[in-house]
């Protein structure tokens, strides 16, 4: 039984070598090495004079997890002194925040 299975796998491997395309497992295919523009054919290039646009990263940048609040909210501070850390909420600010939420619900 085991002999027949090993025989069947050998011809398949030889066919793949003849085709020139190696098929690996079901996982993600390997990234092809980048081809330098000097070795590529000049006739195959569509726009040789225009510089191709660089690829932009997808999704959220790595270091931007906790930076959203710093950009959106500007605090007024006394000149010459920079407060560090999270600002403390005053009781008045908390009450104003609650009243604003209730007024939005009514509209």
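Glycine is no exception: its Cβ is also placed from the backbone N, Cα and C atoms.
Residues or ranges marked as region 'Disordered' by Swiss-Prot: 1-107.
Taken from Swiss-Prot, the feature N-acetylserine covers 2, and the record attributes it to similarity to another entry.
What Swiss-Prot records for 9 (among others) is phosphoserine, and it gives a large-scale study or a structure entry as the kind of evidence.
Swiss-Prot lists 15 (among others) with the feature N6-acetyllysine, giving a large-scale study or a structure entry as the kind of evidence.
As annotated by Swiss-Prot, compositional bias 'Basic and acidic residues' applies to 15-24.
Sequence annotations record features per position, and here Swiss-Prot assigns SUMO2 cross-link to 15.
As a whole-number mean, the pLDDT of the DNA-binding region (21-31) in this prediction is 75. Per Swiss-Prot, the feature DNA-binding region maps to 21-31 (among others).
Under the heading omega-N-methylarginine, Swiss-Prot lists 26 (among others). Neighbour density for residue 26 (omega-N-methylarginine): within 10 A of its CB lie 5 other CB atoms from the protein chains shown.
Residue 26 (omega-N-methylarginine) falls outside any helix or strand according to DSSP and counts as coil. Residues annotated as asymmetric dimethylarginine in Swiss-Prot, with experimental evidence given as evidence: 26 (among others).
Feature annotation from Swiss-Prot assigns phosphoserine to 36 (among others).
For 39 (among others), the entry in Swiss-Prot reads phosphothreonine.
What Swiss-Prot lists as phosphoserine is 44 (among others), and the listing cites a large-scale study or a structure entry.
Residue counts for the DNA-binding region (53-63) under DSSP, helix first, then strand, then coil, are 0 helix, 0 strand, 11 coil. According to Swiss-Prot, the feature DNA-binding region maps to 53-63 (among others).
Positions annotated as region 'Interaction with HIPK2' by Swiss-Prot, on the basis of similarity to another entry: 53-77.
Other Cβ atoms within 10 Å of the Cβ of residue 58 (omega-N-methylarginine) number 5 in total over all chains. Positions annotated as omega-N-methylarginine by Swiss-Prot, on the basis of experimental evidence: 58 (among others).
What Swiss-Prot lists as asymmetric dimethylarginine is 58 (among others), and the listing cites experimental evidence.
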Residue 26 (omega-N-methylarginine) to residue 60 (asymmetric dimethylarginine) - Cα separation in whole Å: 28
Residues of the DNA-binding region (78-89) by DSSP state, where helix covers H, G and I: 0 helix, 0 strand, 12 coil
Cβ neighbours of residue 60 (asymmetric dimethylarginine) where a neighbour is any other Cβ within 10 Å: 8
